[in-house]
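**Student:** What follows is a single structure, and I will ask about it in a moment.
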């Protein structure tokens, strides 16, 4: 039995609101912890593990999660954890250095990577319309990044490594999402047609993600010039800055409120998106989340608490944002049932 239009509309409004808040708070959380992005990545990841396993335990006690689901092979979860660890760490490292409006734009390269990986790993076929949509998304990202090619433009003062790192972060996360889909497909075969519970996938994926974020911390921090011997001091400094105690050499104003608010809103967004998928479809959820892109770009260009200077959007950046949004809409347009069945 489907949900009522009013309930679906309310859920959609919640997704859009939380998606915008999630994108804005992502940048704001990195303001006090700009020097400690890997500390925030570790904190966020362990928060996911605690919440997801708590929900998983409750669903197991309720009989929703079975022993067979928990016994699924773990090798794909290891790969998912590695990719998500690289995605979170590289994304937060780049996000700390990029202007706020650039983050939601560059993150939309996720769709392009997802199409490539699903075609390569799952053998999935896509329509001409979807491919054109992805090309528009790619063009929009290129336009946005090219806005820093000339002096005085939007990204002119940002080194190319940071936009490239944000796009790489989207690639890692897209790869993880395709592997999660592969887990559901393989799990349905092993469980006689019943797909694994989503919290089984999220819990074990997050557990390995936390492990790899911790293991890769020396390598990732070395990319920012932090030597292995300096790691304990770095983590201690991150904890002091997060708690806003002690005498930190940098301004940690906004902590711990902003980072904690981001973590809470990020979890609420993921839960609300999952709820909308259950109430309607993945298509509706995808289109709804897409609405947050231009809204968050506009908000992040304004003067905000702890980012009082704001950001002036260049013409090429605005053109890139419009082209990207057109590509997202074209990609997500519904297709006829006959074509849908062929694609499936």
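Keep in mind that glycine also has a Cβ here, set from the backbone N, Cα and C atoms.
Whatever TrEMBL says is automated annotation, not expert-curated.
The feature transmembrane segment is assigned by TrEMBL to 37-57, 77-96, 102-123, 130-148, 160-179, 199-220, 257-277, 284-307, 313-333.
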**Student:** Same-chain Cβ contacts of the transmembrane segment (284-307) under 8 Å, 6 or more residues past its ends?
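**Tutor:** Counting only partners 6 or more residues beyond its ends, the transmembrane segment (284-307) has Cβ contacts under 8 Å with 8, 12, 15-16, 19-20, 22-24, 27-28, 31-32, 99-101, 103-105, 108, 253-254, 258, 273, 276-277, 313, 321, 324-325, 328-329, 332.
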**Student:** Between the transmembrane segment (160-179) and the stretches 37-57, 77-96, 257-277, work out which stretch tops the count of Cβ pairs under 8 Å.
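**Tutor:** Stretch with the highest Cβ contact count: 77-96.
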**Student:** Please figure out which one of 37-57, 199-220, 257-277 racks up the most CB pairs under 8 Å against the transmembrane segment (77-96).
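**Tutor:** Looking only at 37-57, 199-220, 257-277, the most contacts with the transmembrane segment (77-96) come from 199-220.
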